[in-house]
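K.L.:
Have a look at this one.
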Amino acid sequence: MAQGDPGGQTPQAPQGTDKKPDEPKATEKPQGAGPQPRDPPGGEKGLRDPPGGEKGPRDPGQGGAGEALAEALYGLGRPVLRAVLYLFPVYLCGRFGLSPTWLLFGLFLWMFWTRNKKFKLARIQAAWDLHENEKLGVTRGLYLQQLPAWVNFPDVERVEWLNKVVGQMWPYIGMYVEKMFQDKVEPLVRSSSAHLKAFTFTKVHLGEKFPRINGVKSYTKNVDKREVILDLQLSYNGDVEINVEVKKMCKAGVKGVQLHGTLRVILAPLLPDLPFVGAVTMFFIQRPHLDINWTGLTNVLEIPGVSDFSDSMIVDMIASHLVLPNRFTVPLSSQVQAAQLRFPLPHGVLRLHLIEAEDLIPKDNYLKGIIRGKSDPYAVLRIGNQNFKSRTIKENLNPKWGEMYEFVVHEVPGQDLEVDLYDEDPDKDDFLGSLVIGLEGVMQDRVVDEWFPLSDVPSGSVHLRLEWLSLLPKSEKLSEAKGGISTAMLIVYLDSASALPRNHFEYSSSEYTTRKQRHMTYTKTDKDPNSYVLMSVGKKSVKSKTCTGSTEPVWGQAFAFFIQDVHMQHLHLEVKDSERQCALGMLDLPLHRLLGNEELTADQRFPLANSGPNSTIKMKIVLRVLHVEAPEPESIYTGINSLKQGPVSIKRAQSQQHKSHGKSHQAHHQAHQTQQNHTVQQPKAERKESISTTSQQANTSSSNPAPNQNPNSTGAVPESHTPSLKPLERIAPSLLSLNSIGSSVFDPNDKRWPSEMTGEVEVSVRYASLRRCLVVLINSCRNLIQCSSNGADPYVRIYLLPDRKWSGRKKTSVKRKTLNPQYNERFEFLVSQEEAKKRMLDVAVKNNRGFGSHERKELGKVLVDLSCDDLVKGFTKWFELTPTGLPTS
């Protein structure tokens with residue numbers, strides 16, 4: 001390549017042109033120059049426009065007639081060629097006497113191929129548009145799955161500065177990858193097969209679009225203080241173009257790749273010396289999404305069915321190295337052992353009891369829904385790459401399964417339980433609902449037995465019992481085996497083997513050799529074996545990767561087995577040669593031997609039977625007892641179980657303002673209590689308090705009764721908590737209009753409104769980390785305004801402000817002819833915990849009046865500020881109802 005002129009002259013050979021196999025490699029660059037310009041992905045090679053976008057001068061007399069003739073011939077020949085291509089398959093069918101079915105099959109195949117190709121190009125183009133202008137894509141409104149993570153999740157931070165750094169480095173990364181493909185990958189492919197001697201990369205171009213990190217989430221709670229955990233929302237919508245050629249007529253390539261996933265980066269252990277981090281560990285929590293646009297002969301991979309198979313094969317290759325439980329570890333210090341970081345012990349085991357479901361939607365309808373049938377439901381349960389499918393219950397909308405499954409949980413937080421329900425059909429299974437449960441809350445509560453409502457469907461819920469099993473190195477915690485339930489877990493870290501025989505002729509075991517030679521004949525050879533390990537415990541068998549051409553193989557893999565009976569089960573291991581299918585060594589280890597070892601662990605070299613005299617295999621075998629531990633006292637009922645213990649009583653403040661309020665309210669309450677004492681149930685404030693506050697609050701209430709309150713009264717009213725205008729301004733300026741909204745609904749000057757408060761509503765609020773949603777429980781109301789001679793027909797309406805859309809409206813059932821209704825109804829708002837703290841609940845109590853009735857409609861409302869309380873712990877309070885929702889004082 002000619003050296004570039006410092007004066008800015010045009011180089012003789014433009015950069016980025018396709019490389020021919022016989023062309024020399026150009027490695028020299030102008031001193032101090034940056035990355036050389038490349039051809040655009042779809043541009044013509046060797047042609048460049050002058051600076052400023054102006055075209056060069058053209059002589060109108062040169063080639064004008066020739067170009068016009070060429071355009072005319074092209075316009076006539078293109079329709080003719082298209083007609084010939086369309087009719088040629090018809091001619092072939094008639095020429096060879098094939099059935100017209102083959103023609104129809106080819107037509108449908110071509111239609112599906114073009115449809116799949118069009119959709120894939122549309123997805124890539126949409127991703128490129130979002131890459132070019134992310135702000136425009138967010139403001140104009142895209143689907144949630146297309147938006148960056150920082151838009152949907154407030155706890156995910158936007159790191160645009162990091163994307164700018166990657167974008168600045170991307171051309172140089174492209175140069176390195178291009179050189180690596182040509183200098184390393186190409187010779188390896190050529191040497192792998194005699195048919196690939198002419199294999200050549202004709203073009204390697206990573207494109208202009210670089211991988212982006214849409215957000216970073218850091219974990220600071222419930223994690224080890226000696227590590228830093230980051231989740232990177234990785235998104236690559238690349239215009240990469242790679243073309244290969246084996247022979248002149250055999251060309252293939254890739255033009256456009258999409259890769260999306262959550263990459264977890266762990267910096268651990270933290271050290272007091274440089275470089276302060278012992279190692280960097282990276283892995284994908286879930287299998288990433290991959291979409292490849294093939295070109296050339298590989299276009300056949302775009303055929304429906306084949307495309308899914310090819311993409312899944314590539315994802316499987318990525319998963320074997322970078323998806324849990326596999327990890328990629330880069331040691332940064334000699335003080336740490338990389339093997340311990342690559343294969344840490346699992347966090348625990350989740351035992352899931354799939355009990356039943358109810359109120360599922362019917363999918364087997366007939367005559368376009370005129371005749372409604374039922375469904376044949378089954379459940380698919382998933383944590384990471386572990387999948388289980390339940391049995392199918394025929395024609396039942398309230399199926400009962402009664403099945404149990406066990407999952408190995410490697411990362412918490414990070415991994416979630418996914419439950420999908422489907423209706424089994426001969427052609428395509430119909431969707432019945434889904435459910436995602438975060439495992440952090442299960443790990444805190446230890447045992448969760450709950451009905452979970454299904455998402456994305458009008459109705460349906462599933463009953464699950466979740467048990468978190470800790471891994472304990474204590475043999476005394478070992479329980480008896482019963483009912484197929486696992487009592488322990490065996491983790492095997494397969495390291496390496498040494499002094500393996502090349503074949504079965506090198507060791508003397510006449511019985512084993514004679515048994516094998518009855519069915520096979522081996523050829524004695526001095527070639528080193530391609531060895532792999534086959535391990536089994538009970539009915540489960542696993543196979544390691546194959547190490548080629550070595551008598552000292554190194555596998556470096558980990559496997560886990562569930563153990564039902566430690567005293568009866570064995571670990572059986574066999575080293576085999578994949579090429580000759582002969583055994584190179586065996587090991588049988590009774591598991592009860594591990595019970596006498598320290599921490600139930602054996603880390604040593606085990607001698608192999610039926611092998612060479614010095615053949616050994618190095619493994620670390622860890623036995624852990626599965627046990628449900630009691631929850632920690634400070635975390636009792638902080639997960640999904642927190643609302644099961646009823647409301648927590650709140651101590652009233654000893655202020656003069658509350659005293660005067662208590663006097664006026666007590667008189668009003670006693671007047672209603674004498675009238676309705678025989679019909680009103682005991683208020684929910686009298687229910688059993690939570691375990692964590694029972695003793696303390698019982699002693700406080702018995703020794704220091706609140707003033708103006710009868711200790712024997714059942715209608716004690718805790719302090720009402722209502723928001724002030726100051727937090728209202730902090731949440732959002734748009735919420736300042738709530739006062740005007742309330743004024744338009746309620747008329748404060750209406751003489752029908754009493755001067756004191758107009759009743760109370762009891763609300764329980766908690767953020768469910770399992771469901772990642774805000775749970776609001778409307779318990780009851782009391783002392784409501786009488787709207788007619790029969791009392792009122794009250795119901796409660798809820799908004800999560802500032803959202804006042806009809807779709808976000810929640811409403812309880814109507815209670816007839818009562819001023820003290822009991823609801824006990826639960827509602828959920830899908831919102832993150834950080835976002836929930838910025839919101840406010842609008843709870844209004846209304847009277848269900850008939851059409852044309854002149855009865856009162858609004859009974860009062862309250863605005864609940866969610867930023868003042870710990871939402872994870874939750875709270876239950878009585879709130880006074882006012883016309884505007886603001887406090888009366």
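The backbone N, Cα and C atoms fix where each Cβ goes, glycine too.
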K.L.:
Taking Swiss-Prot at its word that D364, D423, E424, D425 bind Ca(2+) 2, choose the one of D376, D445 listed for that site.
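P.N.:
Among the candidates, Swiss-Prot records only D376 at this Ca(2+) 2 site.
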K.L.:
Including all protein chains shown, what's the count of other C-beta atoms within 10 A of the C-beta of D423 (Ca(2+) 1 binding site)?
P.N.:
20
K.L.:
Mean pLDDT over the domain 'C2 2' (468-618): what is the value?
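P.N.:
So the average pLDDT across the domain 'C2 2' (468-618) works out to 85.
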K.L.:
Tell me which of the binding-site residues D425, D430 sits in the most Cβ-dense spot, judged by other Cβ atoms within 10 Å.
P.N.:
D430
K.L.:
Can you name every residue in this chain, apart from K363, D364, D423, D425, D430, with its Cβ inside 8 Å of the center of the Cβ atoms of the recorded Ca(2+) 1 site?
P.N.:
S375, D376, Y422, E424, D429, L432
